[in-house]
Amino acid sequence: MNSSNGGNFKLKTRLLASVLGAGLIFSSIPNVEVYAHENLDQEISAKKQEVSTMQEKEREMNELLGKLEAKVNETNEKITSTKEDISKNKKEAKQLEKDIAEVEERMEKRFELMKKRARAVQQTGSSSYIDVLLEAESFSDFVDRSMALTKILNADKSILEEQEKDKQTLEASETELKTKLEKVQSELKEIENLKEQLTYQVNDKNSMLAAVKEQRSKANKELEDLENQKAIIIAEAKKAEEEKAEKEAIAVAEEESKTAETVAQSTGNAAAKQTSKSITAKKSSATSNGDTAKKSSPTSNGSTVQASRPAAPSAPTVKKGSGAIETAISTGSSIVGRSPYKWGGGRTAADIQNRRFDCSSFVRWAYASAGVNLGWTTSELVNQGRAVSASEMKRGDLVFFDTYKRNGHVGIYLGNGTFLNDNSSHGVSVDSMSNTYWKGAFKGVVRRVVE
């Protein structure tokens, strides 16, 4: 083996070693982009599932709202029909009053006729019908008098019977009409109460639907952000691969150049020198291509910031002192009639500043002003403090109602059968627990959070 062949063998050996070394160096770098890509795929899949769930909830809510609104329309039709019945019965009552007046007038005339007959008998000096008969001057006169008396007696009897019959008929009619009117009025009141209940339910469902739409919109936006992040990571991964290939090419070119120069110096071979120049040109070309790739690679500094609400207390809170109760009630009462209801509201600084709450966040906010830390949802509130019976509830206790779900609504009991709450129909208001809707929804669940 001559020196030239030996030099070429060494050159090939060193080139092989440099290529393998560069490959090991770059392949040992952790592929962070791949892991990030996989994590994003999982998040995108979960977010798509969340959007799908929200869409299904929205569909169910719309279907339920349609049924509730149909019931409201049906109730309105019943109310209209009942009002027409009441109007009809009132007309019948007026006609009956007119009939009663006519009958009373007839009875009064009959009474006057009977008084005249009594005076006539008195003027003749007769004390009885027998005296009238005994005063007959002849048999035929006796018969005439007897027939006349019979007619008078029959007429009097007929009058009395007619009067009694009319009286009983009118009394029965009055009783029947009064009963009918009371029944219709009772039905109307019942239907009005039903309408109020349906109105509460429709308002609740509308609020829930609005919240679901808002959550779906938010989830769609987050999904879009995640997909944008994925596109950025893919672009950055592509850029990293190009840079990796560039660095490998440069490393190989540098090693080839060094090896060729060494061989050229030891052998004086012109071909080796030419090889060195060629390798140097390759290196320059690789560097130039790398710069071009860098200029064309996409970059982004986008970021997503998500708000999070504070965590609910992990344990029930019971604070002593009636002052805390009065402070909470005073704070809550200060916005009665001035706070719009918002399903899921009261959990951000903007909502609290603008006094936009739902039932549970309102209760939490009111008690927070008194230093009492409560949960954010009815599910959390119903497990705080201690349970007391409805017969023992007192001012400041939390009262729960089965509305759209079990214990779906909460308020602060004020005493005397009233409570302070934030509801979908009136916002923050003071309501009576004897109200048909609240009375039906209250199942006796009461929690005492302040002793």
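Cβ coordinates come from backbone N, Cα and C, glycine included.
Annotated features in TrEMBL:
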COILED    37-113  coiled coil
REGION    248-323  region 'Disordered'
COMPBIAS  248-259  compositional bias 'Basic and acidic residues'
COMPBIAS  260-269  compositional bias 'Polar residues'
COMPBIAS  270-288  compositional bias 'Low complexity'
COMPBIAS  289-307  compositional bias 'Polar residues'
DOMAIN    322-449  domain 'NlpC/P60'
Next on the checklist: Treating G and I as helix alongside H, and B as strand alongside E, what does DSSP give for the domain 'NlpC/P60' (322-449) in helix, strand and coil?
Outcome noted: 40 helix, 35 strand, 53 coil
Item to check | the compositional bias 'Basic and acidic residues' (248-259), counted residue by residue under DSSP: helix, strand, coil | outcome: 12 helix, 0 strand, 0 coil
Item to check | Predicted model, mean pLDDT over the coiled coil (37-113) | outcome: 79
